[in-house]
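Asker: Here's a structure for you.
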């Protein structure tokens, strides 16, 4: 096996994401003609501490959302430096780009420029070795398929409806394999469509493929989902658990309160935590993401003390896939899980570092898409490569979401008999009920 293979060319172009906005796609070609291609995702509700996505801000073009500057940064600044490097030395390529940028949040070259090159490099390396991407990144022990966390009702910033909470998700914990898990979720999704239709609600889908009906209350979202689970022939609690992404940073006010802006309800942090506890007591919820705001460390501590042994408390805006933020969280004892979004940090190396740091501290890791996606399915491979055990990549509708699930089906098939679907064991750090 040749351990040194030169990167011959690096090229970026502007393509469109699932929302019709431009994004960056990069091709890395290694000696021998091995090509790696990667497209970069983009978020709607973004954490303040995320790496910077470079946009052109030219209002005459794509309403200011063009990414020609990021593309030029790849073609004119990054490419000349990376060409000639060893395609197998992922850390060296990533570290070189971090140095070239020189800012703490990748704001000079753009995380979208850097990430495209980073992921395409790994793909070219895998191609050169004749390996699947998950095998190249994860090695021989990459065999755990993730439990999907499927967003089937959208609210908050992801939908123009009456629902304050951003995402209501189902998790098929009782499935026997990933293939079975996907089937279960699709059946619930179709039953939910019927439940909503029968109640006179809209069944149009949002950015992530979930429904976005004008429900009477946030709690009604949970109720219609549980009805759909039962209609599909499954048992809430045994076959399915629920997950919520509150995106609370979007609700956080300067006076330290939380405003459910669509319903006009205001809550103190104590009331907010009581609210989550009431829902957890009432429904089979296993995961709560961003239950309080990214800078409300005191609120996070209270939430973790109250619910941290019972359910997964995921930090998304809180940690932004950043080891510095995660280290602070671990030291303060807040949350027990990290959401992993490659474009929040901007390189594959730093993404893998964050997952490793989380696991060492007894935190789970949930590999996640963004609301603006493409047909690129890299995150499916990352989830298996790291044995993360959970993936969050939307509803079983819209090709930009389904592309990831279909890739996981292929991976499960390729791994064969030794593949493992963890079910409830994905939550190794919780008291099992």
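Backbone N, Cα and C define each Cβ position, glycine as well.
Swiss-Prot lists 166, 341, 370, 371, 392 with the feature (2R)-2-phosphoglycerate binding site. Residues or ranges marked as active site, proton donor in Swiss-Prot: 208. Annotation source Swiss-Prot lists Mg(2+) binding site at 245, 289, 316, citing sequence analysis. Look at Swiss-Prot and you will find 341 tagged as active site, proton acceptor, backed by sequence analysis.
Can you tell me where each of these features sits in the structure?
Answerer: When secondary structure is read from DSSP and collapsed to three states, residue 370 ((2R)-2-phosphoglycerate binding site) falls in the coil class.
Contacts of residue 208 (active site, proton donor) defined by a Cβ separation under 8 A and a same-chain sequence distance of 6+ are given as 151, 154, 158, 167, 369, 371, 394, 395, 398, 401, in order along the sequence. Secondary structure from DSSP puts residue 208 (active site, proton donor) in coil.
Cβ contacts within 10 Å of residue 245 (Mg(2+) binding site), excluding its own Cβ and spanning all protein chains shown: 27. Mapped onto three states, the DSSP output places residue 245 (Mg(2+) binding site) in strand.
The Cβ of residue 341 ((2R)-2-phosphoglycerate binding site) has 26 other Cβ atoms within 10 Å, all protein chains considered. When secondary structure is read from DSSP and collapsed to three states, residue 341 ((2R)-2-phosphoglycerate binding site) falls in the coil class.
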Asker: Based on DSSP, name the secondary structure state of residue 289 (Mg(2+) binding site): helix, strand or coil.
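Answerer: In three-state terms, residue 289 (Mg(2+) binding site) counts as strand.
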Asker: Which binding-site residues are spatial neighbours of residue 245 (Mg(2+) binding site) here, meaning Cα within 10 Å, out of 166, 341, 370, 392?
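Answerer: 166, listed in sequence order.
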Asker: Measuring Cα to Cα, tell me the gap between residue 341 ((2R)-2-phosphoglycerate binding site) and residue 289 (Mg(2+) binding site) in whole angstrom.
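Answerer: One finds 14 Å between the Cα atoms of these residues.
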Asker: Counting Cβ atoms within 10 Å of each candidate's own Cβ, which of the binding-site residues 289, 316 comes out highest?
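Answerer: In terms of Cβ crowding, the pick is 316.
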